[in-house]
Structure formats: C-alpha cells, structure tokens
C-alpha cells in the first residue's frame with residue numbers, strides 16, 4: 001500500500017469509482033456531497049425586459065426542479081448540494097432586461113437571516129425564500145447562483161453605475177437551518193453584460209459542522225489568481241464549491257477536464273455543478289478529490305443529472321494536521337493504487353529502456369532537441385492560440401519542441417501508429433474570450449492527417465499512449481491533465497517538479513485511447529503584459 005494511504009491509517013471500506021479503487025477510512029471524517037447538472041429552462045427572449053411577476057414565474061420553473069433534486073439528494077444522505085451558475089434565471093440578458101430577476105442578498109457578515117423563517121424581512125426575495133426552505137426542510141447546505149442587486153450612491157462611490165445600483169452574478173450559501181452563511185459576487189465575468197464586477201474583491205469562505213471550511217467561486221474565476229489561487233495557496237482552503245456555466249472547448253478546456261486538473265494540481269476537493277445546455281456546448285459536472293472523481297458529461301442527452309458520493313474531509317483544522325499529510329498545491333500527487341507495493345517515487349523512463357535499432361536519436365539538451373524539431377515542426381491554431389508543434393513518428397520516441405522560455409519534452413510509446421498525434425507548445429498571452437498568460441505543453445490527437453487538424457475538437461481516440469511529458473516553465477502554477485476516449489478522465493501515475501523549473505507527469509497502461517495530455521501553465525503575473 002502506498003505511503004500516503006498508510007499515513008492515513010486507512011482501514012475500512014472500498015469505494016470503486018470509474019475503475020479506480022479508493023479506500024475510505026472508517027475512522028477518518030467524511031461527508032456526503034451532491035452536485036446537480038441542471039437542464040435550465042431558458043427565457044426565449046432574454047434581451048426583452050420582463051416585469052417581476054413573469055420573471056419570477058420563469059425562475060420558479062427551475063426552482064421546482066431544484067426542490068425535487070434537493071429531496072433526492074437528502075434521501076441519499078447528502079449534507080451539501082451545489083447547483084450551477086445561471087441555473088435559476090438563464091443567460092444572455094442585458095443590464096436592463098435582467099432587472100425583473102434581481103433580488104437583494106444581504107451580507108451575512110452583517111445580517112443573520114433565514115429567508116424561510118422570516119420571509120417578510122426584505123421585499124422581493126422569493127428566490128432566496130425558496131432556496132432557504134429547501135435547505136431547512138431537507139437539513140442540508142444549499143449552494144445556488146442567482147442575479148442580485150446592491151444599491152449605491154454615486155456621490156459616495158465614484159464606481160457606482162449610472163443607474164444607482166450594482167448588478168452581480170452571485171453565489172449564495174444556505175446552512176442546513178436555512179440561514180444565509182455566505183455571499184460571493186463573481187469577480188471574473190465572461191461576456192456578462194448584465195453584471196458588474198464587484199468594486200472591491202473579497203475572498204469568501206463558510207464553515208460547516210460536518211467538514212469544516214469551504215471556499216466559493218464561480219466558473220471563469222477558476223482560471224485566475226483571485227479568487228481561486230488566493231483561496232488555495234494563501235488561505236489554505238482545501239474544499240471548494242463551484243457553480244459554473246462552462247462551454248466546453250477541446251482539446252484543452254472541456255469542463256470536467258479542467259475541473260479534474262484544478263483539483264489534482266491544487267490538492268482540493270472541488271464540488272462542480274454545470275448547467276446542461278447542449279445547444280451552447282455546455283455540460284460537465286463532478287465531485288473531484290485530488291485522486292479521483294465522479295463526473296457527468298453528456299452532449300446528447302436532454303435531462304439533468306444528480307451526482308452524490310461520500311468524500312474525505314480535507315480541512316486540516318477540522319481533522320487535525322497530524323491526521324492528514326501536507327497537500328502542497330502544484331507539487332504533484334501520485335495516483336493511489338489499491339494494494340500496490342510500489343513506493344512513492346518518481347517514475348522515470350531512461351532512454352535506454354527503448355530499443356535503439358528503430359533509428360530514433362534521443363536528444364539530451366533543450367538546444368539539441370529544438371534544433372532537431374525545426375525540420376518537422378509546424379504551426380496550428382489551438383484554442384485560438386498559435387501553437388508550434390512537432391508530429392509523433394513511429395511507435396516510440398523522444399521529441400521536444402520549444403517556444404520562448406517554454407520547452408516541452410515527450411518520451412512516448414504506442415502500439416498503433418494509424419492516428420496522428422503531435423506535441424505542441426505555446427508561450428504567450430491568450431487574448432480571445434479573455435486575456436490571460438499561458439505556458440502550455442500539450443500532446444494532442446489530431447482529427448485528421450493534416451497539420452491544421454491538430455488543435456481541432458474531438459472526444460475520441462483509439463490509441464493508448466504511454467508517455468512521460470516534461471516542460472520547462474517560468475511559472476510555478478502548472479495544471480496537469482489527461483483526457484481519454486469518450487471524455488474519460490485520468491490523472492498521472494506520477495507528477496511534480498524536478499531540476500528546478502521542470503515539471504513532469506507520466507502515465508502508462510491507459511485503458512482508453514489518449515485524446516489529450518497537457519501541462520497547462522498559468523503565469524498570473526503576466527496577465528497584464
């Protein structure tokens with residue numbers, strides 16, 4: 001058994017999940033979490049203003065489904081349920097057309113209030129009352145996303161909008177007594193004309209009696225330092241609730257793909273609830289721990305999906321520091337294998353492990369590999385960025401490609417060479433649908449035989465690939481990810497830092513064909529370059 005599991009003193013029962021055996025300790029604190037992927041009932045004309053009554057009738061259609069799923073989750077023992085972003089009201093509103101949907105959410109740091117128990121304290125708070133009663137009646141924490149307003153005075157606040165109110169994309173957390181315990185306004189908006197970013201950013205956490213501390217953020221926030229990195233690295237939060245309305249974008253940023261990478265890289269449990277809107281390419285929810293996940297991804301179905309599972313508590317203050325090994329974000333975590341006798345150590349393939357009679361020349365330095373890749377390298381657009389790539393040739397090899405300060409090295413072997421794969425690198429500012437600096441090494445399955453097909457979207461691959469992928473990075477924030485055929489999620493056998501600025505991951509024995517293996521580096525300090 002691995003040293004990590006032995007350190008936990010794990011004895012008890014086995015949870016089989018997505019082919020991964022995870023031992024849960026009978027004596028280690030755990031809780032039951034639920035997320036619901038909701039097929040949102042949309043306003044067919046979101047840019048046309050509605051009065052409060054028709055807007056409320058629209059939201060009640062979605063809230064009735066929430067109530068049904070909350071009951072089902074509670075029947076399965078759930079202690080917390082997370083609903084998606086935009087799931088109550090929809091999206092594509094203007095600032096004016098969303099007015100009938102807005103409610104004022106008081107700051108729980110200043111006001112203690114259960115809308116269910118005291119429904120007349122604040123006017124026009126029917127949505128808050130409904131959610132509060134769901135939490136109270138079913139005795140579980142409820143996390144929901146809704147549009148909110150906050151009055152302001154332009155004389156006192158120079159940032160106050162011209163109409164005298166802020167409009168926020170807001171997450172609200174209710175305790176199992178129906179009391180509002182957290183309110184978070186989304187910081188990083190994604191083409192949301194109806195909403196304002198909060199003038200003063202504050203990280204938001206809440207505490208539960210069953211698992212301790214949780215952090216809160218929304219959708220696009222996950223790609224930025226604030227709030228995601230601040231919560232994890234500065235505050236030490238190890239459990240996150242995450243409403244999202246994420247449009248899938250392969251090969252690097254499908255919803256469950258990056259949710260998996262974020263949880264693994266940062267060492268957190270991520271409770272991710274996405275909406276279901278196939279016409280917009282939106283799906284992908286899950287309950288993620290650093291080592292495994294329970295997910296839902298369905299681009300063809302037409303119904304919602306409730307996910308419920310028991311997970312270990314990760315909050316050190318709740319369980320005691322001695323009961324859990326230190327989880328250092330972005331340090332790499334080995335996959336836990338039941339009854340494995342292999343010690344926790346780097347899995348390193350020496351070049352001598354490959355036969356040399358196949359004509360492959362193994363380069364040993366960045367400059368040598370970069371020189372050799374020049375003759376076969378090409379460029380292709382991937383995720384709106386101009387990647388430099390080099391094709392995989394033969395059944396095994398050692399190849400590299402560089403761009404700026406980022407060099408990517410790949411050691412690989414495969415049994416089938418019919419599908420076209422390429423190793424790509426990007427070092428630069430991403431400027432389409434958001435502005436943020438990336439350092440990326442990506443092994444991708446191309447959709448055709450032409451270079452231009454490398455970077456196009458696909459969920460399918462037939463070829464399992466054993467690999468060791470390494471990159472040199474100027475950022476310490478690297479998110480490793482492995483995506484297999486049919487949106488099968490995987491995590492590295494081993495990953496971590498070696499020789500200073502080199503981050504690696506390795507994986508052998510995949511049961512599914514490899515779609516993408518990526519080291520997704522975020523250089524937050526360069527976002528304003």
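The backbone N, Cα and C atoms fix where each Cβ goes, and this holds for glycine too.
The structure displayed is predicted, hence computed values, not measured ones.
If you check TrEMBL, you get these features:
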type	residues	note
ACT_SITE	85	active site, proton acceptor
ACT_SITE	186	active site, proton donor
ACT_SITE	219	active site, nucleophile
DOMAIN	44-313	domain 'CN hydrolase'
SIGNAL	1-25	signal peptide
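Structure coloured by features recorded in TrEMBL.
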| residue | record | Cβ neighbours (10 Å) |
| --- | --- | --- |
| 85 | active site, proton acceptor | 27 |
| 186 | active site, proton donor | 24 |
| 219 | active site, nucleophile | 25 |
Please compute the mean pLDDT of the model over the domain 'CN hydrolase' (44-313). 97
The residue listed as 'active site, proton acceptor' sits from residue 219 (active site, nucleophile) (Cα to Cα, rounded, in Å) at a distance of 7
Quick one: pull the CA-CA distance for the residue listed as 'active site, proton acceptor' versus residue 186 (active site, proton donor), whole Å only. 10
